[in-house]
Amino acid sequence: MTKKQHNFSLRDFLFTYGFLLVLLLVIVYFSVTAPSFFSMNAAMSILHTAAPLLIIASGLAFVIMTKRIDISVGSIAYLSAAIGALMISRMGLPIPLAVVSMLVLSCLMGVLNGFFVVILNVNPMIATFGTQLAFRGIGLLLTNSMVVSLPRSIRFLGNKKVGPIYIDILFSLFILLIMMLIHSRTQFGRQVVAIGNDISIAEKLGIKEKRISFFAYVVCGLMAGIGAIIMSLQVGSVTPTSGTSYEFTAIAMLVIGGVSLYGGEGTILPGVLIGGITLAVIETGLNYIGASVYVYSFVRGGVIFVSMFADSLKTQVKPKVKIMEDEPTTVSNAQ
Amino acid sequence: GEEKTVKVCVSWNEKVHSLIQAWQDYMEMYAKELEPTTGIKYEWIVNVANGDANLQNNNIQDCINQKVDYIVARAQDSGTIGASIKAAEEAGIPFITFDRASTSGDPTAHVGEDGYLQARSTAEAFAKLLKDNGIEGKCIELQGDLLDNTAVLRHKAWAEVEKELGAWTTVAEVPTEWKPEKFYQGALNALQANPDANCMYVASDFAFSSVENALSAVDKDAPTGDPKHIWIAADDINPMGYEAMVNGIIDVGTTWEAYSVSVLLVDTLNKMVNGEPYEKVNLISGRLATPENVQTLEYLYSTDPKYAD
Amino acid sequence: MTIPYLKMDGIAKSFPGVQALKNVTFEASQGEILALVGANGAGKSTLMNVLGGNIEPNSGKIYINGKEVRISSPSDAAANGIAFVHQEMAMLPTMSIADTMYISSFPYKHGLIDYKTIYQRCRVVLKRLGCNFDPRERIRNISPGDQQMVEIGRALLHDPQIIIFDEPTSSLTSREKEHLFEVIRTLKQEGSVIIYISHFLDEVFSLCDRVMVLRNGETAGGGLVSEYTNRDIVKMMIGEKEIDTYYERSEHRAGEEIMRVKGIYRSGVINDISFSLRKGEVVGLWGQLGSGRTEVARALVGLDPIDGGTISIKMGDQMMPVKQSETKKYIGMITENRREEGLLLPMSVCNNMSLANLTNLTKKKPFSSVIDSKLENSETDKYVKRMDIKISSQAQRVETLSGGNQQKVIIGRWLQKNPPIYIMDEPTRGLDVGAKADIRRIISDLAEQGAGILVISSEIEEIMSVSDRYLVMKRGSIVAEFGSNASKEDLVATATGAASKKE
Amino acid sequence: MSILNSGVTQQLSKKDSKEAADIYWTRYLPYIVLVVVFAAVSIFVPYFLTISNLLSVLLQTASLAILAIGQAAVLILGGIDLSMPGVMALGSIFGAMYMRAGGNPVLGAVIMLLVPAALGLINGISVSYFGMIPFVVTLAMQAITIGAATMITNQISIPVPENFCNAMLTKIGGIPLPIIIVLILTLFLQFAVTKTYYGRWLYSTGTNMRTSRVSGVPTKKVVLAAYSFAGLMGGLAAIIMTSRLYAASPQMGKDAVAMDIIASAAVGGVSTMGGVGTAVNAVIGAIIITLISNVMNMANVSYYLTLVIKGIIIITFVAIDANSRKKSTK
Ligand SMILES: Nc1ncnc2c1ncn2[C@@H]1O[C@H](COP(=O)(O)OP(=O)(O)OP(=O)(O)O)[C@@H](O)[C@H]1O
Ligand SMILES: Nc1ncnc2c1ncn2[C@@H]1O[C@H](COP(=O)(O)OP(=O)(O)OP(=O)(O)O)[C@@H](O)[C@H]1O
Ligand SMILES: [Mg+2]
Ligand SMILES: [Mg+2]
């Protein structure tokens, strides 16, 4: 019953990051069918495409790790982006001030979600569905359903490059890195995972469950706000449909990346990153090979299904129970 | 004449576009203007269906139950609006399809634009433009949401003109579902996958900043005359498209006539109320716009400060 | 006498419907091990939860070293040098051992958790408990016994002055148990206050210095352990009348064979299990913790898969092989974890007791899937009475019952169904002596009425007081079989391997 | 009264019910609010309280109510089905294609029923036998079915024969057939779920799957049945919706509809945590959700506000329900 080393298990690794393999296969497939796919440019645009959603997904990951959910992230992104854009182009506020207010607002929306879910005990799915409707309604009301464009002076940031790399890629990797550290190297991050293991055990261990879970929603809101900045810079404007169905894309990224909806499981790096890239590779690849629009949703569903199937195998193949007893006896199994 | 109050139910399929607000406002405005002369006072009952065909059917049913005098509907799905048309007919309420024609029932009248002719006019002008400049086009087509009949018609017109006139070949068809981020990502990917592409058709310019951003990402966001310029045909002349056309990024497009269509609707309604003869199908074809004439076009909702920033 | 290091004075606590503690006063000194005993629901855990900051008492004061302290959260308790090893382990399966130990408060360095220090400290603490595992190992990869050690390790992290052990041995092997006792004795020598809660009086006698008995939320007595006998303590726990049943031993007449198991195995878990069970006999499945008894029981009713082997059950007058998924129809299974697998906690006593028997409680023909609620109520009533289950009404939710009554509800469920075979895995785990005796009596009655029963228990006295025959398991195999005349030594020796050559 | 309660809390003893009295009235809040709103609206909105409007509201509710009933079965198990819209759309499309090809309308209706039921069965197998997470399985199923629906139809709705629609919309005693179907279905299910052992199995599995399994409840089959039943209800809703729209439309499958279905069940008092709720709850919820938009239409409320108000109403209902339940289990 003694273990010498933290032993590396290939099986565990495959199950956790098995999607790396699938990812590789997908890349190979697209590279063969569309030669231009296998290029630096394509790689960059994949990451570029994934950048805003990666950030949003990393925030959502915290909520999901507490075994809850937030399907309002798309609307949070829209409302905060819309307000930010209105401040800049209608009210002419200085950009830094607008950005700060945007982030504060997105936090507040997270606070609202946290309030409903954690304090009022509303089922997370229903509560955030309610706020999803309400936030978008408010955004449409404020913009009068208009496309609000960002001034040209800042639009260039959306595809500014350092060398061959878009700055938003660097930025989102930086955010992911910070989120990774928060997740794995801070008490907040660890307690989030503990809550996801079991709320009542977490409480018994002296974790302020409500406070931490509440804060997870705030973080999630904040990340939706940050993702919204990149999103609107890329597009150069905020349209009434910005952010629609982001929640499901983000959830798909997380699921593919091994963040379990049962809570307590998963990593930001490499998990969320791999999940996000896999999804982006597939969509970009379909773009490159000129697939019909109708195929997209079908393929996406299939990929989610397959990755979940793999995940279910992981839980089905229980680790073989080790037989362990007191006296180590030299007598072979007496029968 | 004497005062007459008429209740009109307007059923919008969704409201995530300022164009819809513009339509609504122009209808009300124009009807108000005419009120003193015609003596017809309109009461507008507006509902929105959230992009859900079934909900739109319900909403129209609600209007019927409120005993409105006329129903105007922009269909979410041309293939299912027929059910509402039938229900209205049974209740004896005239039904006008607006903007999107029905493929599933016969309304009292239709008022709208001709999406096919619009796109065709753009495509033909574009073909001429390319030929005049001696360019063999390799075009990227940014399609709309093929759920939307207008998007389908635009695609159809584009493909037909391509075949008929042979001024370009389409090297990439990019579906966008009318989503700005898909316009951006799709355009960017297509531009990278086809570095030799020299022209582009954008099915609607409502989120043209996405396309411009994609262009500038590959360093091709340049006005006509610049060697880096990509020839662009884009329909609608929405606020962003207007700006881009003024800047010479979009070379040709056909307007989406929010004001004229609303006017046409109210005129048709007035005729119905007064029992005068009216056309069953009332189509407006947009005006061809180019960087040269776009600033002189009147009644462009894109230049109305209420709908553009 | 000097002032005691710890004093809890006049503690009272009521839950909706129960007065769990009524004015309890409690003292403990440094360098002593104090046993806290009492029947189920006597209030032991509640009292200790008050001390550990998990429960706010309605009244009462706590003094440490003569000074009054306020403890309103687990962190207050920790700050006062109090550590708590909970009755139910608080493990975080997806997290590492180190995380699980430090989760409520991590040391930081440069703004991030200082894992280097943590790992070092974990290794030291676990080493002291005789464990050698890597602190980065995930909890779900270690055995329940090891998890218990982690639980204890967590309590020892911050060198506490007062350590509460609430039934720490229920998932430890005897060697682990001995080791734990040594650690506890060392802690005592270092001058800690140790409070030890246990239902095992032998542990109390071998480990503890002083004993305090709670009954119905009140102090029922206490003093130096050496001044009491086993019987004295039991008497204080459950009152005068019920002790007689305590050491009952019954014999049953075994009838014809009713179940035959042949060569069932699951690779790496159980090997070649063969035995038979007769009507009216109680077979004790004995072995050390982790020898695979539970696995056998679960395999027999199809809760865990098997790789091969056959199970035959008597039908009419023939033994028929039965598919693993079908055996549930003939076997009443009582699992070892009643909260997770035994009860529908938020549902009523009635719904719980009829659960296995619903298809027999229906109305006549055209409505043969409609439950006859009168019949359901009367059947429930019958078994509530027969087993003397203490409930306020059939509609009472089982989560509000005490452990012993909960266990009786589960047994009652099967009595209602009346299968020919029963498998009972640790049927008295966590129950007090009174409840234990009741359940043994029920087992005996069942055998008398002709049922075949397989009982698993980790308590040798218990298994010896009910069984007519013994199967001994070791490392997933049955290694020996004994008749009713087997001695305690026979069983222990074969199970531990000391005499494994003996047939 | 007990038939209105969920299967969990049964026949309260006198003592228990006294204790629970202050908690219990909040459980009926959805019903109370329903009545109050109803009264208020009837006074202030002309035409609301007309037989034709009320029947029309009920007819509008029919498909949502059926979907919510199906969803409730899955929610009671502690699961969720996000794929109902897509599954419904695909069933409708297959049935309509069959009829367009000259098939018999009755068989067409059977196809509309069975295709969704089969897809529900796949959901059920994935959840029960492969242990996959319901949320993700059904999310994937929604993406796949909606993808398939659009691929098959090229986004163009498929008309169905009028006799099919007229048959579905016939009025019996002035009441449209779908309303009668919902009524009968609800009564039947309410009975089945509260009075039969199948219902008891559903609640016990939703309350504690492992206990139920040990006690001989065929839990895997229960799960399978619940998801298949949800699919089947998707099929029934497909028939009704198709006949109301005179066409099978891939648009029936919009993702957003799934949340409306779940919200209906939840607003009516079906717990999304499992173990609590009945068919009546689901139907009441569906009526409330439909009434929200009906009332806002009648009152000519701005669309944007409609969204905000709907969000607030949903949260409020569920918050009240969650908290009254929490108190009562304390
Ligand atoms: N959270 C609670 N809510 C309601 N009643 C409770 C709660 N916790 C404990 N009780 C009740 O308080 C009484 C004392 O329980 P406690 O857990 O302290 O007993 P115990 O002596 O530790 O028993 P055991 O030996 O079974 O562990 C019991 O009647 C129990 O049902
Ligand atoms: N929940 C669990 N997680 C991991 N390992 C377990 C678990 N339960 C038992 N084991 C391990 O499985 C093996 C066989 O255990 P099993 O429960 O069948 O034996 P047992 O003799 O019944 O012991 P116990 O008295 O603990 O029930 C042992 O090594 C044990 O440590
Ligand atoms: Mg206890
Ligand atoms: Mg066991």
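Glycine residues also receive a Cβ, built from the backbone N, Cα and C atoms like all the rest.
TrEMBL lists A:12-30 (among others) with the feature transmembrane segment.
Per TrEMBL, transmembrane segment is recorded for A:42-64 (among others).
For A:71-89 (among others), the entry in TrEMBL reads transmembrane segment. Here the transmembrane segment (A:71-89) has Cβ contacts under 8 Å with residues 52, 56, 59-60, 95, 97-99, 101-103, 105-106, 109-110, 113, 125, 128-129, 131-136, 138-139, 142-143, 148-151, 154, 220-221, 223-225, 227-229, 231-232, 237-238, 240, 242-248, 250-251 of the same chain, all six or more residues outside its ends.
Using a Cβ-Cβ cut-off under 8 Å and counting only residues 6 or more beyond its ends in the same chain, the transmembrane segment (A:95-121) has close neighbours at 68, 70, 72, 76-77, 79-81, 83-84, 87-88, 127-128, 130-131, 135, 154, 210, 213-222, 224-226, 228-229. Residues or ranges marked as transmembrane segment in TrEMBL: A:95-121 (among others).
Summarising the annotation, TrEMBL assigns transmembrane segment to A:133-151 (among others).
Distant neighbours of the transmembrane segment (A:163-182): 40, 44, 47-48, 50-52, 54-55, 58-59, 61-62, 157, 188-189, 219, 223, 226, 230, 233-234, 267-269, 272-273; these residues of the same chain sit at least 6 beyond its ends, with a Cβ under 8 Å from one of its Cβ atoms. Taken from TrEMBL, the feature transmembrane segment covers A:163-182 (among others).
Long-range contacts of the transmembrane segment (A:214-233) within the same chain: residues 51-56, 58-60, 62-63, 65-66, 68, 70, 73-74, 76-78, 80-81, 84-85, 99, 102-103, 105-111, 113-115, 117-119, 150, 154-155, 157-158, 168, 171-172, 175, 179, 182, 188, 192, 242-243, each at least 6 residues beyond the stretch ends and with a Cβ under 8 Å from a Cβ of the stretch. What TrEMBL records for A:214-233 (among others) is transmembrane segment.
The transmembrane segment annotation in TrEMBL covers A:245-264 (among others). Only residues 6 or more beyond the boundaries of the transmembrane segment (A:245-264), in the same chain, are considered here, and those with a CB under 8 A from a CB of the stretch are 16-17, 19, 53-54, 56-57, 60-61, 64-74, 77, 132, 193-197, 270-276, 278-279, 300, 303-304, 307-308, 311.
Sequence annotations record features per position, and here TrEMBL assigns transmembrane segment to A:295-313 (among others).
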